[in-house]
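Peer 1: There's a structure below that I have some questions on.
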Amino acid sequence: MATIRPDDKAIDAAARHYGITLDKTARLEWPALIDGALGSYDVVDQLYADEATPPTTSREHAVPSASENPLSAWYVTTSIPPTSDGVLTGRRVAIKDNVTVAGVPMMNGSRTVEGFTPSRDATVVTRLLAAGATVAGKAVCEDLCFSGSSFTPASGPVRNPWDRQREAGGSSGGSAALVANGDVDFAIGGDQGGSIRIPAAFCGVVGHKPTFGLVPYTGAFPIERTIDHLGPITRTVHDAALMLSVIAGRDGNDPRQADSVEAGDYLSTLDSDVDGLRIGIVREGFGHAVSQPEVDDAVRAAAHSLTEIGCTVEEVNIPWHLHAFHIWNVIATDGGAYQMLDGNGYGMNAEGLYDPELMAHFASRRIQHADALSETVKLVALTGHHGITTLGGASYGKARNLVPLARAAYDTALRQFDVLVMPTLPYVASELPAKDVDRATFITKALGMIANTAPFDVTGHPSLSVPAGLVNGLPVGMMITGRHFDDATVLRVGRAFEKLRGAFPTPAERASNSAPQLSPA
């Protein structure tokens with residue numbers, strides 16, 4: 001198997017890229033030298049074809065009609081049976097469409113990925129099937145997952161089941177909408193800047209971003225290796241804990257995971273007494289320029305209601321919370337341009353299981369369909385290219401060197417408190433924008449809500465969004481964040497609040513005025 005050889009034009013372009021001057025002699029000599037070096041590429045290609053290429057898998061799937069997909073939340077539907085019985089037997093799960101399901105088409109919300117069918121199941125898919133779950137389909141996500149709203153998918157906007165003229169949130173908007181609408185029992189979401197917690201908050205469901213590295217990212221399309229997370233989106237905290245118990249733990253294929261990572265016990269203490277736990281309300285998480293006062297008030301009321309069951313609730317200042325967003329922004333922008341775009345998703349320089357078929361497919365379409373990318377991805381491309389080339393990646397290096405300081409600021413507060421609380425989002429779901437909205441408004445509406453969620457992607461702390469109440473008839477999320485690998489306490493506090501609050505209504509119950517009464521907010 002012969003690797004494609006560069007022609008003279010390609011060699012000239014490579015030389016210009018690196019500032020290398022090619023004289024007449026060099027132009028004659030380099031093709032043969034490069035050809036010799038590419039001999040190893042030929043050997044690797046043949047070895048991979050013989051020894052490591054995954055077998056082709058065929059699984060039935062369907063593209064649902066508009067009437068079958070009123071929220072535009074399904075990319076394709078399936079009915080993949082479990083591989084064994086387990087704790088999830090009889091439960092239906094949707095998989096975010098940046099996560100590979102062998103034999104089922106994948107789009108990742110983007111024309112640049114459209115047409116790809118993976119040959120491997122992601123680790124989380126394998127584990128869900130082994131635990132008895134049925135995979136009901138792939139849920140629509142944002143274009144390359146770089147949006148906190150739900151209007152950038154190439155397949156069209158995902159609609160909020162509470163009000164179909166409003167955003168469902170992103171980038172896991174399809175996952176949250178399907179859970180909220182009762183189409184599935186739970187879903188897999190991904191989170192690089194809040195993309196599990198944002199749609200969970202907008203749609204009135206539970207979303208948990210686990211501690212970084214707790215759940216293997218193997219088989220999901222990356223954005224930036226140091227902020228990639230997968231986690232559960234569910235109706236209840238109990239189901240989030242149950243799902244986490246299935247998908248957590250080291251798989252040996254993900255460089256994001258330390259060798260010591262083990263799944264915890266998230267269920268045995270879930271309903272334990274929370275009397276005496278200390279809750280810190282982070283002042284810097286409130287009063288953003290775009291914050292709705294009613295949302296801030298609802299979350300403060302929800303947090304203070306925990307005193308009714310014995311928790312101590314106090315306010316705390318963490319000034320680094322306001323800096324952490326900017327640290328995240330540099331890492332996500334430069335790192336996203338370097339790995340997600342120039343690195344065709346996976347990048348290099350790390351061990352782990354790669355998906356070379358997906359890398360090659362994306363590389364073949366990334367430039368061809370660049371104009372079809374969302375404005376948010378174009379912002380990453382243009383800003384990140386400047387950061388990498390003109391600034392030499394130094395800003396990325398500075399941001400990475402600041403991460404330990406931001407992490408330490410939260411850790412200091414978490415020595416005083418068991419968990420930290422703030423609004424997941426500064427406002428309730430807004431109306432979907434018009435198709436001809438100007439570029440600046442497009443980007444602001446897509447990314448303007450992530451100030452509280454993004455910091456914990458870069459610091460890696462576990463962070464849970466639970467419904468705190470309703471403002472103007474729309475859900476509000478309260479975010480509960482804890483110590484690294486203490487996901488159990490985060491979920492325990494969320495569960496205690498859930499029981500105190502009472503069952504959160506579904507959109508259908510709210511519409512029929514049969515919703516249960518909520519205690520706080």
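Cβ coordinates come from backbone N, Cα and C, glycine included.
The following feature annotations were taken from Swiss-Prot:
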type	residues	note
ACT_SITE	Lys96	active site, charge relay system
REGION	155-174	region 'Disordered'
ACT_SITE	Ser171	active site, charge relay system
ACT_SITE	Ser195	active site, acyl-ester intermediate
Peer 1: Please give the sequence-distant neighbours of the region 'Disordered' (155-174): residues at least 6 beyond its ends with Cβ less than 8 Å from one of its Cβ atoms.
Peer 2: 70-75, 94, 96-98, 107, 109, 139-142, 145-149, 180-181, 187, 189-192, 195-196, 198-204, 207, 233, 425, 429-432, 445-446, 449, 473-475, 507, 510
Peer 1: Tell me the Cβ contacts of Lys96 (active site, charge relay system) under 8 Å, same chain only and six or more apart in sequence, or just say none.
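Peer 2: In sequence order, Lys138, Ala139, Cys141, Ser172, Gly174, Ser175, Ala187, Ile188, Gly189, Gly190, Ala220 meet the Cβ cut-off.
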Peer 1: Go through Ser171, Ser195, our active-site residues, and report the one whose Cβ sees the most other Cβ atoms within 10 Å.
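Peer 2: That would be Ser171, with the most Cβ atoms nearby.
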Peer 1: Whole-number Å only: compute the distance from the Cα of Ser171 (active site, charge relay system) to the Cα of Ser195 (active site, acyl-ester intermediate).
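Peer 2: A Cα-Cα distance of 5 Å.
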